[in-house]
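**Q** The structure under discussion is supplied below as structure tokens; questions concerning it will follow.
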Number of protein chains: 2
Amino acid sequence: MSSAKPLLSKRQSSSSSSSNGIMHKCQLSTNRSPKKVCLVGSGNWGCVIARIIAANMASSPDVFDPVLTMWVFEETVDGRKLSEIINSDHENVKYLPGYKLPTNVVAVPNLKEAVTGTDVLIFCVPHQFLGKMLPQIKEQGLVPDCIGVSLIKGIDFDDQGVVLVSSIIQTALDIDCSVLMGANVANEVAAGDFCESTLGCNDLRHGAFLQDLFHTNRFRVNVVLDPHGVELCGALKNVVALGAGFCDGLGYGGNTKAAIIRLGLIEMKKFCYRFFDGIKEDTFFESCGVADLITTCFGGRNRKCAELFVKDKGVTWEEMEATVLNGQKLQGTWTAKEVYHIIEKTHSLPEFPLFAAIYRIAFEGADPTTIVKL
Amino acid sequence: MSSAKPLLSKRQSSSSSSSNGIMHKCQLSTNRSPKKVCLVGSGNWGCVIARIIAANMASSPDVFDPVLTMWVFEETVDGRKLSEIINSDHENVKYLPGYKLPTNVVAVPNLKEAVTGTDVLIFCVPHQFLGKMLPQIKEQGLVPDCIGVSLIKGIDFDDQGVVLVSSIIQTALDIDCSVLMGANVANEVAAGDFCESTLGCNDLRHGAFLQDLFHTNRFRVNVVLDPHGVELCGALKNVVALGAGFCDGLGYGGNTKAAIIRLGLIEMKKFCYRFFDGIKEDTFFESCGVADLITTCFGGRNRKCAELFVKDKGVTWEEMEATVLNGQKLQGTWTAKEVYHIIEKTHSLPEFPLFAAIYRIAFEGADPTTIVKL
């Protein structure tokens, strides 16, 4: 996928020009039998998405096999296996209590069994799980026209540059991988609040098919042919949310916070253009762009922890993950580190003063007020 | 300025191609003596701006005459004339109590006297005052190289299409007129909070000169060569804020509000491109665009009144202006009417479903929940 430049070169933003020939496989377009779907993940967001797609699958039996297979990381909850609770009580009592899952959601704790014969693989697990899971899936083997969708927000890097989660999946499994990102606070989606989401794809046929899978009147999915732009927005907005949280912690008003969000959006754009080719400006106006940025900077957990980080001087990110987040991991701090590493390696720090300031406040003890001294 | 199309045709977005030859006048560029500045207006925002520019003028005596003349709409406050209070106590006790004005701000209640010999006219009065004031200023006569800046947020229309306040000033006085708009809640700027603002100009020389007048380390002014885009953002964001307020009144969550703000931004862009030529996409990423939109949709008075409009069924906009706003006028409702008139006249309603829904909720008794049924 990457060009020949040795370090941190731009990635191609569309696989239409990639060497693995994804565009020529015509996945899903020739075989019109009902498609099997496997959702790899059963956390909070995974269960919310399961409710949406299982209902869509049940109502289109010509297009979709009615069973949504959900791979579950097996845990014991109140002495019972989580997969058994889901399959008998139709509720993930640990990660989405209070909301029933449709009866056509079938929990399967064995990963190889879960992915067998599936046409669509939806990834919704912590980023760090992938390293172990992808080889198992590869080993199991996939049907020739299988496609993937990543709902995972995060980025990585290697000596070639920025590495997107969708690219890791694409490379490991040799399948095309779209992404779904947007202003989608999980519990609000579960409650049926109106919202939008953005599906970024390499191939509009996959985009149209996946839109049928995810879209409802209350969860409106726009398809854009810019998967890397969509995915980068989903990851980078969490870094900006730390900046917004620092503002809140310092007691700054709406003008200042709006300025930080705007400067963050500018650096998000710059980062995308700097490290990837083919990013589309319009993507920043989609739900994955400005809308998700707003939601995250006013309501998300990255913002909240960053506010506490300033207010409770001395508290560590790890302590907040353990207490405030009940063991969940912060994505913004992790992404801030990756982003800082990349812009430092490429001698681009002067181009990204806000990202650099956020990193230094979060990890190098810089005064939080430096957020407005860029 | 406008093209020959009979109704609601596109306006030119840069006067470089206009017939009044503004670009060829080289205003302010040849005469290097200190420039006189007159601020026409002394309300809340006017006084905040007076504090900034009076300080800048005092510190650059080579560039600016040290006296900032401020035209004051004369009122009696506690038995004293407001202009006398300002000139003796250096505080506008009615519109910006608690913040001193620099001693080089001189209040002048006579408009003709105030504008005499001025090189820079800054307009910061309610839109509806201009009709009476501009002929008086014209009658008084202006120095040949005088330029204007409008801080007024609002739009109008005639049988040629949308009419901007800056164009009204430009046409009435035959001077070039820039605009200053941004995420600038007045009292936060007065308190010295860090923020940004956008100066939209027709001529970069004027932009650079005006940046010297307005810019400080805490009030950061970006100059863009897109005055109409900047001004339209400043007006249209108040319409979107009504939609955001309806969401709040309905108790909708962050996903829904972010979706409404995003859809509003898309319609703001579409409106600009539909009715004006030469609008720059980058303008929407400036403080006047996305940042001001965010501030206004989370903190402004248009949002607040729209929330109450939904919660207190039966309350009228006029009642809220009288009570909640202490007699001040809502800009969003007025602009929503103008915008609706224009898109209806041009048979463009299907292109602006959110603007249309906001108008119908505000003025035609439509159910507020139609805001998410576009």
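Note: Cβ is positioned from N, Cα and C throughout, glycine not excepted.
Automatic prediction, not curation, is the source of TrEMBL annotations.
The active site, proton acceptor feature in TrEMBL is assigned to B:Lys237. The NAD(+) binding site feature in TrEMBL is assigned to B:Gly41, B:Ser42, B:Gly43, B:Asn44, B:Trp45, B:Gly46, B:Phe73, B:Phe129, B:Ala186, B:Arg301, B:Lys329, B:Gln331. If you look up TrEMBL, you'll see B:Lys153, B:Arg301, B:Asn302 marked as substrate binding site. Per TrEMBL, the feature domain 'Glycerol-3-phosphate dehydrogenase NAD-dependent N-terminal' maps to B:36-204. What TrEMBL lists as domain 'Glycerol-3-phosphate dehydrogenase NAD-dependent C-terminal' is B:226-372. Annotated region 'Disordered' per TrEMBL: B:1-25, in sequence order.
What's the neighbourhood like for each of these?
**A** In sequence order, B:Gly264, B:Met268, B:Asp292, B:Leu293, B:Thr296, B:Cys297 are the residues of the chain that are 6 or more apart from B:Lys237 (active site, proton acceptor) and have a CB within less than 8 Å of its CB. Classification of B:Lys237 (active site, proton acceptor) by DSSP places it within a helix.
Remark: B:Arg301 (substrate binding site) has B:Val324, B:Leu325, B:Gln328, B:Leu330 as non-local neighbours, by Cβ distance under 8 Å and separation of at least 6 in sequence.
Sequence-distant contacts of B:Lys153 (substrate binding site), defined by Cβ-Cβ distance under 8 angstroms and a gap of at least six in the same chain, are B:Met181, B:Gly234, B:Ala235, B:Asn238, B:Gln331.
Across the domain 'Glycerol-3-phosphate dehydrogenase NAD-dependent N-terminal' (B:36-204), the prediction's mean pLDDT works out to 96.
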**Q** Cα-Cα, whole number of Å: B:Trp45 (NAD(+) binding site) versus B:Asn302 (substrate binding site)?
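**A** So the Cα of B:Asn302 (substrate binding site) lies 16 Å away from that of B:Trp45 (NAD(+) binding site).
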**Q** Taking the residues B:Gly41, B:Ser42, B:Gly43, B:Asn44, B:Trp45, B:Gly46, B:Phe73, B:Phe129, B:Ala186, B:Arg301, B:Lys329, B:Gln331 listed for NAD(+), what is the greatest CA to CA distance in Å, to the nearest whole number?
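**A** Greatest Cα separation within the listed binding residues comes to 23 Å.
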**Q** Let me know how many other Cβ atoms fall within 10 Å of the Cβ of B:Lys329 (NAD(+) binding site).
**A** 15
**Q** Given B:Ala186 (NAD(+) binding site) and B:Asn302 (substrate binding site), what distance in Å do their CA atoms have, once rounded to a whole number?
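**A** Spelling it out, the Cα of B:Ala186 (NAD(+) binding site) and the Cα of B:Asn302 (substrate binding site) are 15 Å apart.
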**Q** Among B:Lys153, B:Arg301, B:Asn302, recorded substrate binders, what is the largest CA to CA distance in Å?
**A** 14
**Q** Setting B:Lys153, B:Arg301, B:Asn302 aside, what same-chain residues sit with their Cβ within 8 Å of the center of the Cβ atoms that define the substrate site, listed in sequence order?
**A** B:Asn238, B:Ala241, B:Thr296, B:Gly300, B:Leu330, B:Gln331, B:Gly332
**Q** With Cβ-Cβ distance below 8 Å and at least 6 positions apart along the chain, what are the contacts of B:Gly43 (NAD(+) binding site)? List them in sequence order.
**A** B:Tyr95, B:Cys124, B:Val125, B:Pro126
